[in-house]
Amino acid sequence: MELEAIPGVGAKTAAALRELDDPTATVESGDVAAIARAPGVNEARAARIARGAIRRRHGDDGRVLATDRARELYREAIDLLRERTVTDYAAKRLETFYPSASASRIDEAQAFAAAATARDPDPAVREALADCAPLSDPPTVRVRDRCLATADAETLARAEAEVPELSVETVEDARDVSELGRSYASVIVLDESFAGLDVEGDVVVRPDALETPAETVPERLLAFFAENRERLEAAAAVHEAAAAAGDPVSADGDGDAAPPVDLDRLRDALSRLDDDGTIAGDAELDRLTAAVDDLDAAVSTAASVADDRLREAIRERDVTIEGTDFLSLVEQGARVDSLLDRELADEYDEAVDAAREHLADALRLEPEEAELAERVFGGAPSFPVDHDESAVSRLRTELSAARDRRAATLKADLASDLGDLREPAEELVRDALELDVELAIARFARDFDCTLPEVVGPGEGSSSGFRIEGGRSPLLDVDFAAVEPVDYAVSGATLLSGVNSGGKTSTLDLVALVVVLAQMGLPVPAESATVERFEEVHYYAKSQGTLDAGAFEATLRDFGDLVDGADGRLVLVDELESITEPGASAKIIAGILEALDEQDTTAVFVSHLAREIRDAADFAVAVDGIEAAGLVDGELRVNRSPKKGHLARSTPELIVEKLADDRGGEFYGDLLEKF
Ligand SMILES: Nc1ncnc2c1ncn2[C@@H]1O[C@H](COP(=O)(O)OP(=O)(O)OP(=O)(O)O)[C@@H](O)[C@H]1O
């Protein structure tokens, strides 16, 4: 697949995506975290790319959300879900859910949502999710003691691209390789032609070295795990918390509850790794590292130990100097050291032994290392006691080499252990993060008493349009517990009348929300719902006051386009009459309804002018009504579910009726007759 074919992916983004291991598969998987690993692609962008890929996969190039208010409703739905996530990842990932007109996309999302709502959002799991985040790639580590070597220009280019951690050197013959062997602790020759090469030092010929990066640069794998330690531990904790809550993550859907990686093994491997990607917890490596680091200091303390011994010994001895010696001391400036040798040989030897012992102890040297260390002291007698700098340097070289060998072996061992853990560890983290998405959907469904709706294609099921039973909008300005259930079904075009504040706008919001959520493949806040798979949702909010001529013309043009549009749309319009004077409004709305009625469109027009519109229309306009049961203590008592085929009485009519009842008299009676 051409990456540029995905909606929203331009040349620049495609180039960034090509940096991923398997760009096409990653993008098609919809794995937001994996897509976000492309350079310069953040999670929000990754979610848009994933959404584009989903659209493409389902051949879904329609735009269901056709108006500002419809898009606003979608944002509100997404926000309700996002509020229920713990991780930033899940919040972004939810954006891959969008209202679709594609049956296969809705089915796919519904399958995900059905599994999600079966979950039990456990507080301990939420807590564990707090530290979860997608894995990240650490910056490239430069390894300076190892190099790759080749005689071939193509291999050189490939090696430089695939193993940026190591220098890649050009060699022509064994002599070049041998020279490299002197500058690098180890050399990996990539050309088969060098097989059987016999040069000194740590030089190996490995034509497959580029295919086995875990062996060639174990540092890469170690840096990856070191960088992601906390995320991996957090993901492990999520799996454990979920298992303890009896609802294991096991996102593979095969019922296998075990996490994709043995958590003890992962933790053991991580415990062998320092935060900077070096080896931790190996006593021998620690000993050698400390010995190299402390060498100079230990030599100098060992010398002081010897000096103290010798000083003590000299202080306690009477030394007789022969006249000739004294003369040579005075005349020739001979050093007094020669006297040491002659007069204090034993004491000097003891002091040297003490120094050697101190050095071996302080550096915790092994016997063969101690042998080397012995040569540091014991040269020509002197006071203060001298040490042999070249012996120190040899010891340092030896210890450093042992340390590097040890580290290299341990790194290789650990990298080989971690090598098979990498993929399952990525899955571990991905599953934990996906669990957050699922739990957000589960909590949403529980918090708002949701069900998975039936979404039917045009011509499927008993009727088109929508049917909502017991719908309760979470978007109202009252506590969700106080929201009264609404039953409402519409097929075709209808007017919705009703008393002021009866809940007409809230009903339109509920319908739009249920339809948008249903086409996102998500549960809807209702006892049950059947929704046609609409191609487009046009929701027009109430306009704020009368429009000037220009704006009025623009709005009319909008509706002109609307009636010219395709089949399979849902049109929700709130009090369109407010755009102009009531008489003209009624005629305009009647005309629009008439045009829509001739099409396969589902429409609900909220209006206070239902009677006038009906009178102005050339066809039998369907009218539903939100009816007030009456006024109780000055308060409207409303039946929130619109009554089918019923023109609701308006609030003024109700008040006149109440006055006619309460006060009697001709005036109120006559007034009432006029309604
Ligand atoms: N189903 C419901 N359950 C509880 N309260 C509701 C419900 N529907 C609406 N309300 C309450 O009634 C108020 C008014 O609702 P809404 O604005 O939808 O009425 P309306 O009929 O559109 O009013 P108007 O005629 O003034 O435009 C809401 O703010 C909300 O407090």
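Including glycine, each Cβ sits where the backbone N, Cα and C put it.
Feature list (source: TrEMBL):
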{"type": "BINDING", "residues": "Gly498, Val499, Asn500, Ser501, Gly502, Gly503, Lys504, Thr505", "note": "ATP binding site"}
{"type": "DOMAIN", "residues": "491-675", "note": "domain 'DNA mismatch repair proteins mutS family'"}
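Those residues of the chain, other than Gly498, Val499, Asn500, Ser501, Gly502, Gly503, Lys504, Thr505, with a C-beta within 8 angstroms of the mean position of the ATP site C-beta atoms are Ser506, Ile626, Val638. Gly498 (ATP binding site) carries a strand DSSP state (E or B).
Taken as a whole, the domain 'DNA mismatch repair proteins mutS family' (491-675) shows an average pLDDT of 87 in this prediction. Cβ neighbour count for Ser501 (ATP binding site) (all protein chains, 10 Å cutoff from its Cβ): 13.
Neighbour counts of Cβ atoms within 10 Å were compared for the binding-site residues Gly498, Gly503, and the top value is held by Gly498. Between the candidate binding-site residues, Asn500, Thr505, the densest Cβ environment within 10 Å is the one around Thr505.
If you draw a 10 Å sphere around the CB of Lys504 (ATP binding site), it holds 25 other CB atoms from the protein chains shown.
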